[in-house]
Amino acid sequence: MSPLEQFRVTKLLDIPALWGIDLSFTNCSLVMVLASVSSILLLCWALRKINVVPGPSQTAVELIYGFVANTLESNAGAEGLRYIPLVMTTFLFVLACNLVGILPFGFTATSHLSVTLALSLVVCTAITVIGFRHQGLHFLRIFLPEGTPLWLAPMMVFIKLFAYVARPVSLAIRLAANMIAGHTIIAVIADFVLKMHLVLAPLPFAFIMGLIAFEIFVAILQAYIFTVLTTVYLSDAVAGH
């Protein structure tokens with residue numbers, strides 16, 4: 001079987017198209033729903049009883065909250081803390097989707113550019129709205145840094161505008177590419193192990209376990225990077241330059 005077969009999107013529930021848009025419920029849709037629901041349920045379970053001396057589950061949630069709050073404050077200042085719900089939701093969703101894909105028979109929704117691009121566009125659109133809300137039309141100053149010579153202004157505006165539009169694209173490609181690469185390598189080596197003689201199998205099998213552990217690290221790292229970049233972009237909207 002092709003190592004790319006694991007990324008195939010299959011229809012689970014066929015829904016008639018609306019205005020030419022396929023609304024069918026797929027395995028990708030199912031994973032995103034499961035990732036969202038599982039994140040909510042785990043948070044509710046971890047915080048079902050808040051103690052002064054936190055237990056392991058409460059400590060884990062507090063660590064995630066602390067990471068989001070500290071990252072926001074360091075990049076966007078105290079004003080950025082009001083957007084903790086946006087950033088924390090983004091982090092948990094990306095992390096859950098990444099980790100679900102590592103489970104046996106799992107499907108990695110974040111390996112598809114359509115998913116990561118949609119998520120990136122939602123985040124960047126929200127940041128743009130926040131920017132205009134905080135700064136009004138002064139938000140447009142991010143495209144023309146103060147002190148730019150007049151003769152250089154048109155080129156600077158073009159470069160800054162291109163970089164701004166490229167933000168969601170770079171976020172999406174980075175996340176999808178890393179998820180595809182890791183899962184493909186694991187699939188190739190796993191197929192190699194299955195076709196090997198039993199005596200030789202333990203070594204590559206141990207290597208696969210190491211790769212899976214590394215893939216878990218990558219899944220967490222990519223959610224971390226996505227979140228940090230979101231807070232960096234949010235700093236332009238909240239505080240400007």
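Placed from the backbone N, Cα and C atoms, the Cβ positions cover glycine too.
Copied over from Swiss-Prot, here are the features:
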type	residues	note
TRANSMEM	27-47	transmembrane segment
TRANSMEM	52-72	transmembrane segment
TRANSMEM	87-107	transmembrane segment
TRANSMEM	112-132	transmembrane segment
TRANSMEM	142-162	transmembrane segment
TRANSMEM	175-195	transmembrane segment
TRANSMEM	198-218	transmembrane segment
For the transmembrane segment (175-195), distant same-chain residues with Cβ under 8 A (at least six beyond the ends): 1, 3-4, 6-7, 94, 98, 101, 108, 110-113, 115-116, 201, 204-205, 207-208, 211-212, 214-215, 218-219, 222, 226
Non-local residues, at least 6 beyond the ends, that sit with Cβ under 8 Å of the transmembrane segment (52-72): 43, 45-46, 80-81, 83-84, 87-88, 91-92, 224, 227-228, 231, 234
